[in-house]
Amino acid sequence: MGRRRAPVCCRLRPPEIALLVRPTHRRFTPARLALVVAAGLLAASTAACSAVSDAVSVGGGSSSGASAGSSSSSPTPQPAELVITPKDGAAGVKPSSLVTVSARSGTIEKVSVRDAKGHAIDGDLTDGVWKATQRTKPATSYTVQVSAKGVDGTPSTERTTFKTLTPKTVATYSMPYTGSTVGVGMPATIQFDSQVTSKAYRAQVQKSISIKTSPKTAGSWGWLDNRQLMWRPKSYWKPGTKVTITADLTGVQTGPSKWVANNLTGGFTVGSSTISYVNLATHEMRVTQNGRTLRTVPISAGQDRMPYITRSGTKVIIEKQPSVIMDSATSGVPKGSPDYYREKVDWDLRLTWTGEYIHSAPWSVYAQGRANVSHGCVNVGPSNAIWMYNLSKPGDVVKFTGSSRQFLPTEGIGVWQYSYSQWKQQSALA
């Protein structure tokens, strides 16, 4: 019978087995040999099982360690912390309150402020703070959207909404003579339909309006009254000058619970220099253009009694109309008075809001050049009236001398009744 091979488990020969099966000179009986082999098998089995158990523990530990590594807390994202004014959901916001966005932490990337129609509010991002450069519109809802990055680069987007107040009155205004060719005496004008009730409100209006002239011209804004803001040059305009007015008035307050809701841009071109000189004492009008006398016209002006005395001063043609119904009741002479009149009058150049015109007067030709017999207007003969009408345009200057009654600036376009230094004091910023 051949020699028996040891069981596989015994081939591992751990130190314990090696010790047990070490060669010996002792002679083993079959029973003793069986006991030794059994003991060896038990030790080998225990050692092998112990080895397998350690590998699972390490592997489990490895697996558990890897799992712990993958689920262990990674750095918490840190989006930018923003401060948006007005706050989210705000209502009744004043249009003059400019939208601002700042970051307590992180960096602002982009800001959008739009109304429901998509109209954007412009703004500037400077030193980490975004500030609107435009006011908002009354009674309008806005959405603010901000893109930002946190200190760790985490991107974020924040969106808020707000609504501006609804005013009791919306202030309206216009720019007379926009698109026209005007005379050298015409000021640039912003005309409100209601009063701008305080100097502080007028100052805010003035700050929100700009003028550009080509060629560059010295001049100043001033308030003729609390509805009319005008910019007049230091001296008469140079013919050919182009004037552009920009009124960024949306959101400007002009009175208690009264706000402007629109912007306007306008302007005009200055035409020829037509200046007329009316001498009420000698009953004549000298008409010049670009410094050259074109004609001297006989006239008859207002009678030498109130309220008919024609005013002395520098006036500007306000408008021209081929015919006007003139009713003395509009100038203080009521129906029923012996002096009352109501007539259709032709070829009319308006000089004041109080009813002074240059116009055709065939009924007073006998007095023209000799006496003042009118109710305050400058009467000229029909042929001279047509000639003067065709020559003239709004903004042409008409200078009156020779009477004791002075033209008040608010009775027409009275900016030239002031010296330039006086006019500058009419500014709300003076």
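Glycine residues also receive a Cβ, built from the backbone N, Cα and C atoms like all the rest.
According to TrEMBL, the feature active site, proton donor/acceptor maps to His359. The active site, nucleophile annotation in TrEMBL covers Cys377. The compositional bias 'Low complexity' annotation in TrEMBL covers 64-74. Per TrEMBL, domain 'L,D-TPase catalytic' is recorded for 274-401. The region 'Disordered' annotation in TrEMBL covers 60-82. Here TrEMBL flags 1-50 as signal peptide.
For the domain 'L,D-TPase catalytic' (274-401), residue counts in helix, strand and coil come to 17 helix, 57 strand, 54 coil, using DSSP. Comparing the active-site residues His359, Cys377 on other C-beta atoms within 10 angstroms of each C-beta gives the minimum for His359. You'll find the Cα of Cys377 (active site, nucleophile) roughly 8 Å from the Cα of His359 (active site, proton donor/acceptor).
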